[in-house]
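Worksheet: the structure to be examined is printed underneath.
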Amino acid sequence: SGESGAGKTESTKLLLQHIMNLCKGNLQLEQQILQVNPLLEAFGNAQTVMNDNSSRFGKYIQLRFHKNTVRGAKLSEYLLEKSRVVQQDTGERNFHIFYYMFAGLSTVEKEMYGLLDPSLYRYISGQFGTQDVVQHWKHKYQEVCNALDMVGFQEQEQVDMQAILAGVLSLGNVTFEPEERDGSVKVSEASQGWLKAAAVKVNTLDLLVCFLLCFPRSPSVSCCCSPCADARDSIAKVAYSRVFGWIVCKINELLAENVDPEVELREIGILDIFGFENFAVNRFEQLCINLANEQLQHFFNHHIFQMEQSSYKEEELPWETITFNNNEPVLNLLLAKPLGLLSLLDEQSAFPQATDKTLVDKLNSSFKGNLHFEPGRGHVLGFSIIHYAGKVQYMAGGFLEKNRDTLPANIRGLFINSITPLLSVLFTGKALAVLWLAELLIFLCPCQHSLMVLMEKMYSASPHFVRCIKPNSQKEPGVVDSQVVLLQLRYNGLLETIRIRRDGYSWRPSFEEFSER
């Protein structure tokens, strides 16, 4: 755990390499486990203002052992930041894979996928990159292709996957305008070409767009067009998240253990999840990410302080209780039912007439006087939460839409009938059941259910904590900012941890070990 950019993903890779080096065994499997990383990072990581290679999803890697040899592995992914597909803030980028494709595909391949100059696409923000950066992306694209081959993706599957990604980019450029005759909405004349480019991948997309336009007529153009744009973005997000989930499923098929079901396997699990974030502008996604970090901090506190000190008390050892920063009140603020922040968010999401403004009003009245909640000041539509790592101001715009994550009901049929075979596979059969369930975990309540499943796994294990400390805020190598470091040591509870380890009983042999000595 640690802040965004503190080195969690790199530490995870080093830890995996170390474990693999210790247990010489199935070399092919061990290499496969290490080589899936470029694939996961290409589709699940992105550049943010805090980190050039930020994990925008959480992953839990389960290594399964028999007689000290790795016999298989399983990867679970949590809370992919789908909204990044359709929107990025200043100084940030979309998922790496889009840039790798532009840099790595040949001119002929780009023509095949209908890809034009990257600066034309609304879903890709900012400058494309310097020549050195483009060369780096080209190299990364080759790494991805190698990993796809190694995992066992067929050539046609790889073509289909990149066709879907190209279609997502084209779809993002489709815009809407009012019909002069009756005030309904149509695809704008300027974006007809983009619609056709996207429809090459989905032969009935133009039909779907007609369905999308069947919203009640309104005298307000923005009122008419907005639901269509939201539906467009929802299609792009779900298509990308299905591709990502499908990749994880394929990886798990490759890494699954090939042993007798009756053989008992031991397990080491490694959790690498996005770190605490506090940007200039914090949205719904940052709230989900910071909630996950609050729960991990509580898990840390529970094992390091509560369990440790209770064992001293049970054995009647002389001990002066160490106080620590208990973040349970923050978790209650966020998760309590029926009056926690997420419950109130769900409640407002169920009302068709509710707006982000009514949500903020509800939160302000419900949490008045709560020491961990502050209303937005002035005309700011938002609120602040005092997290274990400090105060974060959240902008409430888009909270209800993202929590609802509405997808037109006819979208499943659209994809099932797609002329791109992979799209049809992603929305039918086994793949549909697995991926749809994963999405429901998030749709039903933002990140709550998915995190609950994760925390159950954590509490059933014997945990070891790797705390990653960020040396400076400028992403500079070889520079240690003592104040930045000290702040992290304080809010992570590491100073209290050092004290409890120093004053406590560090060596705890079993009675058998003691008697043998």
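Heads up, the Cβ atoms here are built off N, Cα and C, so glycines get one too.
Annotated by TrEMBL as region 'Actin-binding', the relevant range among 221-243, 267-289, 451-473 is 451-473. Within 10 Å of the C-beta atom of E3 (ATP binding site) sit 24 other C-beta atoms, taking all shown protein chains into account. According to DSSP, the region 'Actin-binding' (451-473) comprises 9 helix, 0 strand, 14 coil. Between the candidate binding-site residues, S4, T9, the densest Cβ environment within 10 Å is the one around T9. The average per-residue pLDDT of the prediction over the region 'Actin-binding' (451-473) is 85, rounded to a whole number.
Neighbour counts of Cβ atoms within 10 Å were taken for the binding-site residues G5, G7; the minimum is at G7. Summary for the binding-site residues G2, A6, K8: the Cβ-based neighbour count within 10 Å is maximal at K8.
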